[in-house]
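What TrEMBL says about this protein:
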{"type": "ACT_SITE", "residues": "CYS31", "note": "active site, nucleophile"}
{"type": "ACT_SITE", "residues": "CYS34", "note": "active site, nucleophile"}
{"type": "DISULFID", "residues": "CYS31-CYS34", "note": "disulfide bond"}
{"type": "DOMAIN", "residues": "1-107", "note": "domain 'Thioredoxin'"}
{"type": "SITE", "residues": "ASP25", "note": "site 'Deprotonates C-terminal active site Cys'"}
{"type": "SITE", "residues": "GLY32", "note": "site 'Contributes to redox potential value'"}
{"type": "SITE", "residues": "PRO33", "note": "site 'Contributes to redox potential value'"}
Amino acid sequence: MSVINLNDTEFQAQVLESSTIVLVDFWAPWCGPCRLMSPLMDWAAKTYRGSLKVAKIEIDNNKSTRDSYSIKGIPTLILFKAGKEIARREGAISQAQLEEFLVSNGLGKVI
């Protein structure tokens, strides 16, 4: 599964109503560290295919969702399970840190 690009109107159905754990990347095109995270989101979508949905939402054009989750710094990664936020990480991270974030929140370790 590839990374899904969301907007405010799709957030409810794609994230909050999802039966799968969802990793959402809150980002902006002018943010250098956000652009560094993009390949990691692709990696997570491919690696955890079937057990994790990966989505991105651009904060400048989707202020309602940004404000609902009090996004102050970007990139911010939020994991959702059964419509609830279960974990949050702010700032650019490495692939190893992303894997640890996912594993520590219930997803299996990559072999």
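Yeah, the Cβs are placed from backbone N, Cα and C, and that goes for glycine too.
Overlay of TrEMBL feature records on the structure.
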residue	record	Cβ contacts under 8 Å, 6 or more apart
ASP25	site 'Deprotonates C-terminal active site Cys'	VAL3, CYS34, MET37, MET41, VAL54, ALA55, LYS56, ILE57, PRO75, THR76, LEU77
CYS31	active site, nucleophile	ILE74, PRO75
GLY32	site 'Contributes to redox potential value'	none
PRO33	site 'Contributes to redox potential value'	ILE74, PRO75, GLY91, ALA92
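ASP25 (site 'Deprotonates C-terminal active site Cys') falls within a strand when secondary structure is assigned with DSSP. For the domain 'Thioredoxin' (1-107), residue counts in helix, strand and coil come to 40 helix, 30 strand, 37 coil, using DSSP.
The Cβ of CYS34 (active site, nucleophile) has 20 other Cβ atoms within 10 Å, all protein chains considered.
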